């Protein structure tokens, strides 16, 4: 192309986004001028069209500017400011190189010819680069119009969690036609944005997708929620040019319902030795109500695990699994089902039952004992983990105290004990599941210690020539035990008596007395005495020595004559005359004068004729005897009566015989006569062991002493053989025993029945048990039972039972009554004494308590009950509360002695039926109360978390806005509204009557006006849930938000409209 003469060529540079209209490009060609321009976004070909291959490169563009004319601008809606011009340069929408004013006039003329009005000369001071902005605005608006005309997508297919949509791409054929409204746009430049809303067209954005044309015009939406309504909007955009179209009209679809979501694992609420209490949360039902839950379990073993088996199936969200093994690990999983199928099983949870506490251990054994320690040992079993040794000192009042607690050892040494002390021990065993009952109590004693050395002996009387009397005190420390004996020794003092043998200690006394007279000492000699104490632990050390010198005496009498004679065989206490004469070979001489002398007194002769005085009784005998024939020189001071009992007496009783035969045999067996037998006894000594008739008797023991010649022997056993003997005593000693007397007591009435026990069996029955008493020489023939109430001592129909029975059930009694039962045995002699016991019959079962609801919540109910009849005495009732299920059965919700329970995990606005009953230890289980129905309240909506936002829009007028709440769990018929309240003043004492409701509705803003000038007031917002229950609308109000305080000025100020918040509004919590 040739250039026109006189035209100057310039090189303008255009930024990205600037396009010349087609008529301007044709104008440049008609003028024949050539020039180059650089486009930042791509070159322009000679025909004015954009070169796609050169996008992003600088390519020349022909343009002509001639003369001194200036470039004129297109009139726009607002003039470009300097800042706007700089913004245009930043975004690439304006030219940054001013064109040369060579041909502005020619361009202006052509523009006027084309009818482009509004084109005028700019001021010379105005920036000449604004000429291209109007061109760009026109093309941009047309591109946006095309983007805004995009059609809504179409839903091709929906599932429970997926949906497939498609859309119509934009038509760019108009741009590709010659002379189109804007340069050619390739379809690959468009990007399509798909926005997915949940619940409503302008609701929460669920997901956002962007697709390019090369990815196709279909999209599969995944990870959707079942049974949920979604809305899809589509819009197109040119990302490289920063242009976004409007979103299309929303199109809605709803996903299909499906089986429930995978539940969370069950939670363990309570655990016992053989049961679990599990609960779980209800998963999302995905559009279909859950029909049942299936709880499965399996036992975990060392080998292969068992298959899962059903543990619970139903609609409840809690279950109790019973009949499990103690200390065993189990696996549980949960599934939920609805009409569309069963959910995936939950994750497996492992729970373990409690183990059994150990049984009572064997008591500890004593290994070793010292005066201050006891060494104990015990046995550890497989079920024992650790032990606690308990000790009790009977001398204290503290009872059993732990000596070593939580020890794993089986040996313990108990230290710091008192000597010769008695201590009680018991043992407790522990493991992870609890503690055992205490073992049997055992008693061990520490050893006594040796006593300390006693003080040295002291003289008790004047020292005599041949004897001294000594006394002493016990040692201060006896070693913890009584001193059993003392040992006194003496020795001649060699230093003071050189003629005595060298010091040799000789024992002179051993005994428990604390004084002794030592005889046979040498007159005028010096002696040393020492003492020691003896106890169970041994002998003490010797005391200090006591030096004693006997008093000297005159010489002894002359010795007796060498002629003497000893006469023996004399009787004691007799007078004798003695004379003597001498003999030689010639013959005998005359008798001397007679010597009168008396022998010393001796023990008396034995008493004679020991006999039975009177008839024999069943428990008493009266004995008599004669005085000895000779007292042997001393009068009788007393008689001593001895008794021995036959070791065994057996009375054969036939197994079966009639009552008459029993009585006949008893009469024949009773011995009313007294059998007496004499056995020869030595007149000079007591017999050591009975022989002959006394061979079957035990040892003799003294039963009577006295000067009388008779004695009554009491407390004997009926039908028993006894042997008696009597001794006479005078000052010289005890005589030989009299002849033995063997007697038998007659048969007597039976003894009282031992170990009588009375136990309540029911409200009208008592069970009495006893052991067979002694028949006292006559076989038992019957028992007699008398029953009387505690308030009435009169017998209730006496009961007679045969002798072979030792148990009887007493019936037809009154409930809750104390009875006294006494039993007597009978034989042929008569009836024995009574043995009594008391016991109360069981009370009646407690009546059903009265059930009431004291607190109602949206997901819980607090129940309370009270008894119609108070327990008797210290007896306590035990209560059971059950809830009715949907199928009419009942499940337990509480067991215990409390009188209230809070039932949780309930559904809101739902009616439930409960019943209660009581049991007592004596009355048993009572009947159920009538089922009582209570309903939970509705769950309040969420609270508005923040204080409302206050904006002053005019004098005395305020725009109040608040946040919307989200309540996804509401039923479709429920609605959410907001309640706006005002209160005068800033007091923190929020009384309900201080607040006034000024608005209630579903909007999230309200314009408040009409407040008096100079008033300070507060505003707050509460969310309100409106529920339609059978035609009646019920309101449930959430707690209010934090208040906002507004200080309204007293005089109106010059107000200027502003979008800022009211500067006088503050927030109070």
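Even glycines carry a Cβ here, placed using N, Cα and C.
In TrEMBL, the annotation region 'Disordered' applies to 117-139, one of the ranges 48-70, 71-93, 94-116, 117-139. Across the domain 'Fibronectin type-III' (262-356), the prediction's mean pLDDT works out to 90. In the domain 'Fibronectin type-III' (149-258), helix, strand and coil residues by DSSP number 13 helix, 45 strand, 52 coil. Spatially, the domain 'Fibronectin type-III' (262-356) is not adjacent to the domain 'Fibronectin type-III' (944-1044); fewer than three Cβ-Cβ distances between them are under 8 Å for residues at least 6 apart in sequence.
The domain 'Fibronectin type-III' (752-846): residue composition by secondary structure is 0 helix, 43 strand, 52 coil, according to DSSP. DSSP states for the domain 'Fibronectin type-III' (944-1044), grouped as helix (H, G, I), strand (E, B) and coil, give 3 helix, 53 strand, 45 coil.
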